[in-house]
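First up is the structure itself, then whatever we jot down about it.
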Amino acid sequence: MAIITKLLFLCFLVFFFHHANAQNLALNFYRRTCPSVESIVNRTTASFISRAPSLAAALLRMHFHDCFVRGCDGSVLLNSTANNTAERDSIPNLSLRGFQVIDAVKTAVERSCPRTVSCADILALVARDAVSQIKGPFWQVPLGRRDGNVSISNEALTNLPPPFFNATQLVASFAAKGLDVKDLVVLSGGHTIGVSHCSSFTTRIYNFTGRNDADPTMDPNYVAALKARCPPTDTTTIVQMDPGSFDRFDTDYYTIVRKRRGLFESDAALLRNNVTNAYVQQHSSSSGSSSFFQDFAASMVKMGRIGVLTGTAGEIRRICSVAN
Ligand code: HEM
């Protein structure tokens with residue numbers, strides 16, 4: 001009995017500290033230690049996005065890939081070492097772009113506030129600023145994350161949802177991170193910007209069931225257009241996910257999904273679940289983007305709290321790609 005009581009107490013402590021951590025983030029976390037952090041991040045990010053708006057998509061995706069693997073702890077930024085292959089070198093992360101932006105922002109922040117602001121916080125702020133700089137929503141980012149010093153390639157494979165996931169698998173993948181079905185459909189709206197390599201969807205257009213067929217849930221005209229652009233074994237060509245406005249943050253994604261022109265099975269899957277389907281229908285018919293923008297902001301804040309390290313856990317990295 002005594003053992004059971006002790007075990008229950010231990011479980012309580014683990015649960016309590018886990019939750020206390022996520023709640024320890026604060027909007028004014030650097031008020032005394034680095035009051036100018038947000039303006040430095042914003043200015044440096046803008047210097048990149050103004051020249052290359054397509055980087056906004058890359059930076060948003062990088063934050064997502066950070067948070068889904070070991071929480072938002074900057075582990076996606078770490079380089080592999082002689083005896084460890086890091087997340088950054090796992091298959092889903094080979095198409096990440098924009099590490100140079102994070103490095104430049106970190107250098108600028110270190111100049112004003114040495115060893116104070118974590119790379120995990122910088123990534124969360126850069127993702128927010130990048131989205132808002134291409135006319136997307138703006139949200140306040142709770143801060144105070146600390147950097148992890150562990151990054152394992154295989155964990156990216158097991159934690160990041162692949163493009164061939166169906167609705168049930170996607171819901172489970174998000175639930176495992178404390179995100180609900182609404183977060184899934186809202187955050188998938190991030191695919192209103194950015195590009196994809198053909199290789200992320202060639203099976204879907206060329207060999208869906210192993211019989212040289214295409215996914216019947218995709219608009220056949222779009223299948224034909226994609227085939228014209230993407231030869232079966234192509235590994236380098238990229239396609240805009242929201243053709244024509246891939247660097248403007250808007251509600252087009254939901255129109256695309258409704259028209260059965262989403263690139264991935266994971267996009268098409270949103271029509272298969274009642275909650276996500278209703279959201280797609282509503283946001284593809286309304287011309288206003290404000291409720292999507294509000295929802296996106298709220299879900300990004302929620303995603304940004306996944307598994308964060310706070311207090312004395314982890315470290316404040318000096319260089320984002322290398323543990324101290
Ligand atoms: C729901 C599950 C998701 C799946 C299966 C998925 C899958 C993918 C894939 C396969 C690509 C293309 C990679 C390439 O071939 O270059 C991509 C791109 C992208 N994803 Fe997702 N994604 C998901 C959720 C998200 C979320 C939650 C966000 C952000 C909130 C996001 C933001 C992006 C962006 C912005 C790009 C374009 C990146 C660029 O232009 O470099 N995705 N995603």
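Each residue, glycine too, has its Cβ placed from N, Cα and C.
Pulled from TrEMBL, these are the features on record:
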type: ACT_SITE; residues: H65; note: active site, proton acceptor
type: BINDING; residues: P161; note: substrate binding site
type: BINDING; residues: H191; note: heme b binding site
type: BINDING; residues: T192, D242, D250; note: Ca(2+) 2 binding site
type: DISULFID; residues: C34-C113; note: disulfide bond
type: DISULFID; residues: C67-C72; note: disulfide bond
type: DISULFID; residues: C119-C320; note: disulfide bond
type: DISULFID; residues: C198-C230; note: disulfide bond
type: DOMAIN; residues: 24-324; note: domain 'Plant heme peroxidase family profile'
type: SITE; residues: R61; note: site 'Transition state stabilizer'
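Taking the domain 'Plant heme peroxidase family profile' (24-324) as a whole, pLDDT averages 97 in the prediction. In sequence order, L96, G190, G194 are the residues of the chain that are 6 or more apart from R61 (site 'Transition state stabilizer') and have a CB within less than 8 Å of its CB. Here the CA atom of H65 (active site, proton acceptor) lies 26 Å from the CA atom of C230 (disulfide bond). Burial estimate for the disulfide-bonded residues (C113, C119, C320): highest at C119, by number of other CB atoms within 10 Å.
Ligand 1 lies under 6 Å from the Cβ of the following recorded positions, listed in sequence order from C113, C119, P161, C230, D250: P161. Taking all protein chains in view, 22 other C-beta atoms sit within 10 angstroms of the C-beta of the residue listed as 'active site, proton acceptor'. Same-chain neighbours of the Ca(2+) 2 site beyond T192, D242, D250, judged by a C-beta within 8 angstroms of the site's C-beta center, are, in sequence order, G189, H191, I193, S245, F246, R248, F249, T251, D252, Y253, I256. Cα of C320 (disulfide bond) to Cα of D242 (Ca(2+) 2 binding site): a span of 31 Å. For the recorded positions C72, T192, D242, D250, the greatest number of Cβ atoms within 10 Å around a candidate Cβ is found at C72. Comparing the disulfide-bonded residues C34, C67, C198, C230 on other C-beta atoms within 10 angstroms of each C-beta gives the minimum for C34.
When the C-alpha distances from P161 (substrate binding site) to the recorded positions C72, C119, D242 are tabulated, the minimum falls on C72.
Residue environment of H191 (heme b binding site) contains 24 other Cβ atoms, counted within 10 Å of its Cβ in all protein chains. In sequence order, the recorded positions near D242 (Ca(2+) 2 binding site) (Cα within 10 Å of its Cα) are H191, drawn from C72, C113, C119, H191. For C113 (disulfide bond), the spatially nearest entry among the recorded positions C119, H191, T192, C198, D250 is C119, judged by CA separation.
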